[in-house]
Amino acid sequence: QGTVVLPLLSSVHFDPKLWKNPDVFDPENFLDENGSFKKNEAFLPFGLGKRACVGEGLARVELFLFFSALLQHFTFTGVQPPEEINVTPACCSFGRLPRIYDCYVKVRE
């Protein structure tokens, strides 16, 4: 009684019971057998329950608009072939962080 419990929701993202390859970036976790998008209930980037982010809807729309505008106005090309890119996150004291990648960016005409 009176104990504060702080669940680590990010641990759900690495649960082998919920993900095929929890330690590897695998887009197939979000695709059905036809290759169409499917919602994965184990993906909780905005939290859960009454403490969930109230701005989730706005954040999703903003991300969609931002990346759509980038892809409409620019062409992105990798410096190295896709099969040579290491997509394994870098681990540090703050958690798993994306690696830094170089790419060429060209304005679309």
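Cβ coordinates are placed from backbone N, Cα and C, and glycine is handled just like the others.
TrEMBL entries are annotated by machine, without manual review.
Note that the coordinates shown come from a computational prediction; the quantities given were computed from them, not determined experimentally.
Under the heading heme binding site, TrEMBL lists C53. For the recorded site, C53 (heme binding site), the DSSP three-state label reads coil.
Counting only same-chain residues six or more apart in sequence, the Cβ atoms lying under 8 angstroms from the Cβ of C53 (heme binding site) belong to F46, G47, A59.
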